[in-house]
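Swiss-Prot has this to say about the protein:
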type: DOMAIN; residues: 216-315; note: domain 'Fe2OG dioxygenase'
type: BINDING; residues: HIS240, ASP242, HIS296; note: Fe cation binding site
type: BINDING; residues: ARG306; note: 2-oxoglutarate binding site
Amino acid sequence: MTDVELRVEALSLSDVSAIPPEYVRLEEERTDLGDALEVARAASDDADAARIPVVDISAFDGDGRRACVEAVRAAAEEWGVMHIAGHGLPGDVLDRLRAAGEAFFALPIAEKEAYANDPAAGRLQGYGSKLAANASGKREWEDYLFHLVHPDHLADHSLWPANPPEYVPVSRDFGGRVRTLASKLLAILSLGLGLPEETLERRLRRHDQHGVDDDLLLQLKINYYPRCPRPDLAVGVEAHTDVSALSFILHNGVPGLQAHHAGTWVTARSEQGTIVVHVGDALEILTNGRYTSVLHRSLVSRDAVRVSWVVFCEPPPESVLLQPLPELLANGAGKPLFAPRTFKQHVQRKLFKKLKDQQDNNAAAASNGIIPK
């Protein structure tokens, strides 16, 4: 089977009425799946449905500074996700970014294959259909484009599409702007802990004896979720937490993102002029669990294509030791909940756990006479 035939987009375009078994989620996962459009419509019609918090951070630069810090702190602690208004990302830049990403995915699959990655060889960046193994052994209903977007001098620009021509300049512009936004949010989140505003960013970057520090890394992943004939059986991205410190998300207006809160899945609504921000594992570790790395997933739709742009803000892979901030453990305030690890070690440990869970699931299935798909 060729790479083109392996792409989820190719399956969608083939007008199949069923989906291959490797995309059918386990029975226990399917109880609350459904068409993203229908699920979002039901949530919108339910006046009592929980809503992800909306926080305007433009107030941080004015008289509303204290209230802004408190609102962000509460959202990070109670939800681990929030809609951010007043983020300072110009609407025209976001429109150009969306247009460029959608134009890339509108290209023939064979043309996109020029940027194909090779996870088996350790090359995760590029165009692909799966980033990592999962516990169930099932595949996700998405294709994607994944590459470093900041700092620019570390990026492999051979993975940045030459077509459309707008892709490179707008992605570079967007990456720099999100980097500035990340610093602002980390400052607000530091103050929410009762610590100096530079604390979290400083601990996410390396400082050696010469005062030199590594920059934060921003990875851009464009998720492309084609139409799916059985959205009640498949997911775009399965339930997971991000390994990053923060994740910034915008989309093409089609719903699908869900966050797990208080024992239920809450659908992210379309909040005009906002972007979604997730707290990731790295920040949860630094704050010793005060800020929550949100469990989330993405549904798919029978009638609509969903595209989302996610920027993962990450510490350098090996030069920073992630561990709970000592300031939060002082004077017997608490015990560390996380062992010290580099970011690379954390990612590897999480991947190993996924593989181990999959092996255990396969072994259990085999013992019951079931052949894992």
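Here the Cβ of each residue, glycine as well, is placed from N, Cα and C on the backbone.
In this structure the C-alpha atoms belonging to ASP242 (Fe cation binding site) and the residue listed as '2-oxoglutarate binding site' are separated by 20 Å.
Taking Cβ-Cβ distances under 8 Å and a sequence gap of 6 or more within the same chain, the neighbours of HIS296 (Fe cation binding site) are VAL81, ALA239, HIS240, THR241, LEU257, GLN258, ALA259, HIS260, HIS278. Close to the recorded Fe cation site, the chain also has VAL237, ALA239, THR241, SER247, HIS278, GLY280, SER293, VAL294, LEU295, ARG297: residues not among HIS240, ASP242, HIS296 whose Cβ is within 8 Å of the site's Cβ mean position. HIS296 (Fe cation binding site) falls within a strand segment according to DSSP. Averaged over the domain 'Fe2OG dioxygenase' (216-315), the predicted model has a pLDDT of 98. In the shown protein chains, 15 other C-beta atoms lie within 10 A of the C-beta of HIS240 (Fe cation binding site). Counting only same-chain residues at least 6 apart in sequence, those with a Cβ under 8 Å from the Cβ of the residue listed as '2-oxoglutarate binding site' are ALA36, ASN223, TYR225, GLY236, HIS251, ASN252, VAL254, PRO255, GLY256, SER298, VAL300. Summarising the environment of ASP242 (Fe cation binding site), the number of other Cβ atoms within 10 Å of its Cβ, over all protein chains shown, is 24. Residues in the domain 'Fe2OG dioxygenase' (216-315) partition by DSSP class (helix H, G, I; strand E, B; coil) as 6 helix, 45 strand, 49 coil.
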